[in-house]
């Protein structure tokens, strides 16, 4: 290795190391502070705990029943992912793999949804779904706007990925007697796992972390999601170890999923950029 290459590599690794510290330290701080007492938190806010305590975790589970809020978030997020995956895969397949007049216009219409500020539609959506909320569980009602706003991104990713797949795959399947639904189910879906994983993860994380719609739609405590529950912990005398313990429990699923599926996320996002 030449001196010039050594200097460049050292500079690159040093720069990446600094970025890693900037990104990871806040996360490490949340988990370290979750094991502190209130006094220890204010005396040593940025350091490691002098002794590890589970008081914050005990409070959020036994006193505030955060596990029920986690269950609500999980149910809402999983239902949203299911609806988005069902609609986005079929729509992206029909718009990119089937030749019909106006498909590009319809695709552009769906992608226009990316330009709409989600929370600017809160009031009209709340009024529109007011009658439905009287007959259905609010946790089911809120899935509808979540799924609608997740569709544009999902269609963008999947249509970009589907357009890179060689048409010979489905043509040979049709010659062998397969129908269009059969091509979709047995060929397109199995080879689109990276893009579908990306869509599922993005949709799940976006729904899991959403606050404003949940705050407005889910008024009763037994229906509330994790972000709403954490918001209620805040006040004039905030118990910060309790708040940070709840945050650490909340972000744990996203961290685990991303750690194991990060390669599929990157592969799914970048696949559509190959074909111009």
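Any Cβ shown, glycine's included, is placed from N, Cα and C.
These come from TrEMBL:
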- 70-261: domain 'ABC transmembrane type-1' (DOMAIN)
- 12-32: transmembrane segment (TRANSMEM)
- 70-93: transmembrane segment (TRANSMEM)
- 105-127: transmembrane segment (TRANSMEM)
- 139-162: transmembrane segment (TRANSMEM)
- 183-205: transmembrane segment (TRANSMEM)
- 243-261: transmembrane segment (TRANSMEM)
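Ranked by the number of CB pairs under 8 Å to the transmembrane segment (70-93), the listed stretches 12-32, 105-127, 139-162, 183-205, 243-261 are led by 139-162. The transmembrane segment (243-261) shares the most Cβ pairs under 8 Å with 12-32, out of the stretches 12-32, 105-127, 139-162. Same-chain neighbours of the transmembrane segment (105-127): 91, 95-96, 145, 148-149, 151-153, 155-156, 159, 212-213, 216-217, counting only residues six or more beyond its ends whose CB sits under 8 Å from a CB of the stretch.
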